[in-house]
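Pasting a structure here, questions to come.
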Amino acid sequence: MTTLRAFTCDDLFRFNNINLDPLTETYGIPFYLQYLAHWPEYFIVAEAPGGELMGYSAPALMLCMFTVMGKAEGSVAREEWHGHVTALSVAPEFRRLGLAAKLMELLEEISEKKGGFFVDLFVRVSNQVAVNMYKQLGYSVYRTVLEYYSASSGEPDEDAYDMRKALSRDTEKKSVIPLPHPVRPEDIE
């Protein structure tokens, strides 16, 4: 049986099987520790019965690697207080089991409890598997962010979709009305 639990510092040494995936953004240890210190409730990991990380949702790192990692940010006065998915990653051998959906659900519940208006995330335009999954979970493309992801080996930078899902506090769903034009990374607040 899969166990969902809070991410711990020890998990930093156990999640390489998830982070080595080419579609997973990786960060330095100080970045993960910052999230763990500031937004521990948003750092969730899925652990397999044998103790291996299945995935994580930022903040959540993997044991049997399935994690989600996120944070709360924005302005309440401007109705921009929201949950942000920094990373969602599931180890290849544990994909298509509904783990990503469960992690996203947990992150959304935390964001609801914190009074967020919406949850947002960034995803590579080319990652259609992820884009379609997020759409199935109720997310829509709010805007395109030009050259958001840095490329390696001389290839051009890649655009991202900023996808959002309105929460119950946004009764008029204003947070998910798509912008009619793309933006640049420096234009993002």
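Here the Cβ of each residue, glycine as well, is placed from N, Cα and C on the backbone.
Automatic prediction, not curation, is the source of TrEMBL annotations.
So TrEMBL has the following annotated:
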DOMAIN    2-168  domain 'N-acetyltransferase'
REGION    153-189  region 'Disordered'
COMPBIAS  161-175  compositional bias 'Basic and acidic residues'
Other than its close neighbours in sequence, what residues sit by the compositional bias 'Basic and acidic residues' (161-175), given a CB gap under 8 Å and a spacing of at least six beyond its ends?
79-80, 82-83, 108, 111-112, 115-123, 125, 131, 134-135, 137-145, 188
Is it possible to list how many residues within the compositional bias 'Basic and acidic residues' (161-175) are helical, extended or coil according to DSSP?
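Counting residues by DSSP class gives 2 helix, 6 strand, 7 coil.
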How does the model score the domain 'N-acetyltransferase' (2-168) in terms of mean pLDDT?
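Within the domain 'N-acetyltransferase' (2-168), the model's average pLDDT equals 81.
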